Amino acid sequence: MLLFGVIALHWLDDPPGPLLWVLLVMQLLIYPHIAYQLARRASLMLRAETIVMLLDAGLFGCWVAVLGFPLWISFAMLVSVHINLVAFRGVPGLLSCMAASLTGVLVGMLLADVELRPDSSIQVTLACMVALSLYLLAFSHSAHLRSLSLRDAKEQLRNNQRQLQRKLEEINALQIQLRELAHRDPLTGLYNRRHLDAQLLDNVVNRKADSNLCLLLIDIDHFKRINDEFGHQAGDQVLARLAGLLTSHCRSSDIICRYGGEEFVVLMPEVTIGAAVERADAIRLAFTGLKMRFNNRDLAPTLSVGIAACPLHATSGDRLFECADQALYRAKAAGRNRTVLWSADRLSPTDPSTI
């Protein structure tokens, strides 16, 4: 529309024939709308727009030649179409546009009797300046809107990435929690048998050559009787009290597990056998000293403990547990409420002072 006004103003001094007016109307007033609709409906919109702009470059070159190469009109027409293609396709777009414009100029020179008329009136010059300025302002505004849209899209992408990262962290935390729960006893909060099996193998394999790994197998004496006489809630409280006692009496490096029912296991890496026996007796005596009362009746449960050490008694996890189990059996057979250290030749109650 702006170029139509500029060229129409330029022709006021020397009006052309009707054909050029018709072609100008078709080129600058009708064709742009048709080209826009075709490009909009194309499956490859960017490719279609590029073709339209190259066609514009060729037609503008043809008009420049037909008009006689008026300096300001030529500058406005060619600069505007080159800006479009550079914005969309960069340097390749510039080269393509230059080739299309030059082709249009050559076609215009062949079709028309070209007379070189570079000068234009002051009115046309001012009109070209205004038209080109308005076009550049409109182009800048469009670029600004695209920049805002791109910034909003990037910000939305960053927000989505942050939300995704939070979700991934939550999922990871839940997975860790689920893995932890899978290895925890729900009643006592201690590790369960599954965790013990993995840790026992790992500690036996990775045990230092000059250190012991002691296994304490702990059993609450007459636990079935406690459940029968005082109820399962009382039994659960006894289990929970023992779990708390084990936690307070063991080191942070020790691994405490509820093996099943009323049995508990403590893995004690890098400890002397004497220290392990002393720790077991301290736990046993502390448990015996707990004051518990259920249904207005006093309850005084006791513990039996079997101990085995790696590598003195066994060199595999299964054998180590088997030795501790044999020692526990001997403790119960000897009257319960005692600690027994496994021995190959005899299984008898052990006094820590003799170790």
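Keep in mind that glycine also has a Cβ here, set from the backbone N, Cα and C atoms.
Since this is a predicted model, take the numbers as computed values, not measurements.
Taken from TrEMBL, the feature coiled coil applies to 147-184. Per TrEMBL, the feature domain 'GGDEF' maps to 211-344. Positions annotated as transmembrane segment by TrEMBL: 20-39, 51-73, 93-112, 124-143.
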Residue counts (helix, strand, coil, in that order) that DSSP gives for the domain 'GGDEF' (211-344): 59 helix, 38 strand, 37 coil
Intrachain neighbours beyond the transmembrane segment (124-143), with Cβ under 8 angstroms and 6 or more residues off its ends: 2-3, 5-6, 9-10, 70, 72-73, 75-76, 79-80, 83-84, 87
